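As given in Swiss-Prot:
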- 33-53: transmembrane segment (TRANSMEM)
- 62-82: transmembrane segment (TRANSMEM)
- 111-131: transmembrane segment (TRANSMEM)
- 132-152: transmembrane segment (TRANSMEM)
- 159-179: transmembrane segment (TRANSMEM)
- 185-205: transmembrane segment (TRANSMEM)
- 229-249: transmembrane segment (TRANSMEM)
- 251-271: transmembrane segment (TRANSMEM)
- 287-307: transmembrane segment (TRANSMEM)
């Protein structure tokens, strides 16, 4: 009897822990924590470069760092939550999205919507603690992602990837404008790098998940026009990245070498796809390369300023 009682007491203690763990898992899925984290890398890089080029000291402006990263994280998380609410009808048809709480019903859709709106509101207020420009840029990202991408182009046009790339290119600009609202070539180049990076990244993903997108009725380029055209477009987008690092020449020769090697390597891998017979394998390689590319490039920008 004593052993049974001990087991029951242990079970009671573990239940709250399991519930909390499940809650955070579901919350992470709703806000798409992976997207939030990756975008915070580019947000931080944009902010760091703004400190560097304006001569402002990082450690003397930690309040700006906090409000920028906190605000950007909430704005991005809120946008993703609203996206989950809107896409719950098509997410059930895709393997990678069918377990989201909005599909399984473990989180009520209306609560997910209000969560998203609340996060965007708090995030915007946080960005306002830095500059009005940063808050406006953040809201531009929200409007583009929620309305122009999710509600309009995603289900209707193959250009959905391009439209969605606008919102994905906003985070480094948020980071920069939180420090300096004046026009500068650097945030423009960061925006273009992110804008051009996304089509090859997401088109490679679309090739990997082509049949899932087809089942969901989403007109991704490989679904509508096939793999060959998709591969050619991916190569064009990657090629457009080649000159951009040279506009950041003030970061030094080592950075230019790293960036150029990354760009040329990605382009060569893309061209290899024209001869490679296994399109899915090639798409997987391109997708993984794109993830490493983004991380290495933006980390290299930061390192270049302190090396």
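The backbone N, Cα and C atoms fix where each Cβ goes, glycine too.
Same-chain residues lying 6+ beyond the ends of the transmembrane segment (229-249) with a Cβ under 8 Å from its Cβ atoms: 185-186, 189, 192-193, 196-197, 199-200, 203-204, 206-207, 221-222, 255-256, 259-260, 263-264, 266-267, 270-271, 273-274, 279, 282, 286, 301. The stretches the transmembrane segment (62-82) and the transmembrane segment (287-307) are not in mutual contact, being linked by fewer than three Cβ pairs under 8 Å (pairs 6 or more apart in sequence). Within the same chain, residues 39-40, 42-51, 54, 56, 61, 64, 67-68, 71-72, 75-76, 79, 127, 130-131, 133-134, 137-138, 140-142, 144-145, 148-149, 152-153, 186-187, 190-196, 198-199, 202-203, 206, 218-221, 298 sit at least 6 positions outside the transmembrane segment (159-179) and bring their C-beta atoms closer than 8 Å to a C-beta of that stretch. Here the transmembrane segment (185-205) sits apart from the transmembrane segment (111-131); fewer than 3 CB pairs are under 8 Å, leaving out pairs fewer than 6 apart in sequence. Residues of the same chain lying 6 or more positions beyond the ends of the transmembrane segment (251-271) and with a Cβ under 8 Å from any Cβ of it are 200, 231, 234-235, 238-239, 241-242, 245, 285-286, 289-290, 293, 296-297, 300-301, 303-305, 307.
Sequence-distant contacts of the transmembrane segment (33-53), counting only residues of its own chain at least 6 positions beyond either end whose CB sits under 8 Å from a CB of the stretch, comprise 61, 64-65, 68-69, 72-73, 76-77, 80, 168, 171-180, 184, 186-187, 190, 194, 250, 294-295, 298-299, 301-302, 305.
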